[in-house]
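Working notes, structure below.
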């Protein structure tokens, strides 16, 4: 009786109803017939047109029944049940297992398995691609900046253009298979055909002549030509992360899950991803150690590569099977055809919008600074890693341990992140990632620049300055990546929430168009300039350390500024909500009381015949219950 709903007169009585239809005894008033509606409200009671057919007289005179702008009382249980998505009165409840609907489990469990397989493959591919291009003969870590800028970026842009055109002509299922099957075929072919036969079609002699002519500072760009099949593997592995994870998986997950399901289960996918990281790291470690059990003259790295690519292919077909099974046997939710279109902003429009808003500028600084900072340290660290572990198997074995440690650290940080947000707030959470990167970066570059003076101290721990730099660089990458996944990414997305709709949508579009590519390629461009200017990464290390310091300090300043604006917007939003709550007027009807006989006191009595009623009130107009 507490909620007041507007209806179209479902319980309104006609002005001249048929008395026989009510079949009332003289001693019983009509109000006695409807008293149970007030005395015993039912959970899930649905006052719909289907229930109306029981009152035959109502159906005989629809003009008197379906009158507009009528109100009636209905119990709060009905509104609560409808809001919570519970089945209404008379509808069968969906079967559940451990409190979760079976239909939901049939979607979530395959999605979780798909995500595990995709991330398992991605970790193997990510570790393998670095081993191939860094340890190859005639190559080094200096190839990575040129590879990311001049090969990876153009192929990523080309893929997105091709994907957009395919999406216009293919169904969703056909598009999924069309995209993922070439990846599976390539990785299988690389392990069993391209790598074993690479010495036949790599232009080694040609690139050696060019290197002798141009000089060692062009080692990076020329290595792309020398080991082009390895570079193609590097790019395909990078695209697996952005295409299969971001486009295919999350696109499919958002297609088949509801908002309530996403709130409950999407965080579990993040934890499952780090479990996949731990297992795949152990797998890389195991197969990289096979060389010790092989006889002399056997290429241990080729054997490891075949085994790992076999697992990648098997996981790929498992992903396809799970996708087929969900589409075949799981009922998918219906979607509204009306979609909110994202503004299509060009590069110049995005730049103008970025410049015009201080809030968006600070947010863009965070994104760009992270991309540049992690790139500056990571490439320098991988050059030292190759010097310490020149063998592909040793390098790959270390990367397996690195991936396992990253998974454990990220898993732990994701469990701690909610506590950090609740206790210290957005500002502290946003500053943790640049602080971690700054401290570990200072230690890493200090070991490289001042390794000689501290060598006696490091020797007491059984390490050389090079090995210490490798371990510190590994810690820097582990902690910075775990902080990114658990704190930086949530902070970045939360920063959009208090913005008005136009700034929120346009700002995100501008950052996607300008800042993400700039952050990814900015560090690579800086390194290319340093390599071509000073001859190698080793010679440019002091300058890279100084650039890293400036970028991280700018990152911290932007985070501090954004924290102030974010807090002000949140306070303003809360104030507006309080004002809205104070301004809302809820129509409340006078409470009706019953006398001892069950009749209503204080409200108008029902008089279907227009004559005297049991309450002594007479009227000729219809009344609402």
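Sequential numbering from 1, following the chain as shown.
For all residues, glycine too, the Cβ spot is worked out from N, Cα and C.
It should be emphasised that the depicted structure is a prediction, and the values quoted were computed from it without experimental measurement.
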Segment assigned the feature transmembrane segment in TrEMBL (from 397-416, 497-516, 577-596): 397-416
Range annotated as transmembrane segment in TrEMBL, from 200-226, 227-253: 227-253
Segment-segment contact (the transmembrane segment (227-253); the transmembrane segment (397-416)) at 3 or more Cβ pairs under 8 Å: no
Among the ranges 175-197, 307-326, 397-416, 457-479, 529-557, the one whose Cβ pairs under 8 Å to the transmembrane segment (359-377) are most numerous: 529-557
Beyond the flanks of the transmembrane segment (529-557) by 6 or more, those residues with Cβ under 8 Å of it: 141-142, 145, 216-218, 220, 365-366, 369-370, 372-373, 376-377, 379-380, 383, 431, 434-435, 437-438, 441-442, 445, 448-449
Result, the transmembrane segment (175-197) in contact with the transmembrane segment (307-326) (3+ CB pairs under 8 Å): yes
Contact set, same chain, for the transmembrane segment (428-451): CB under 8 Å, 6 or more residues outside the stretch: 366, 369-370, 373-374, 377, 380-381, 384, 417, 420-421, 458, 465-466, 468-469, 472-473, 475-476, 479-480, 483-484, 487-488, 490-491, 541-542, 544-545, 548-549, 552-553, 555-556, 559-560, 562-563
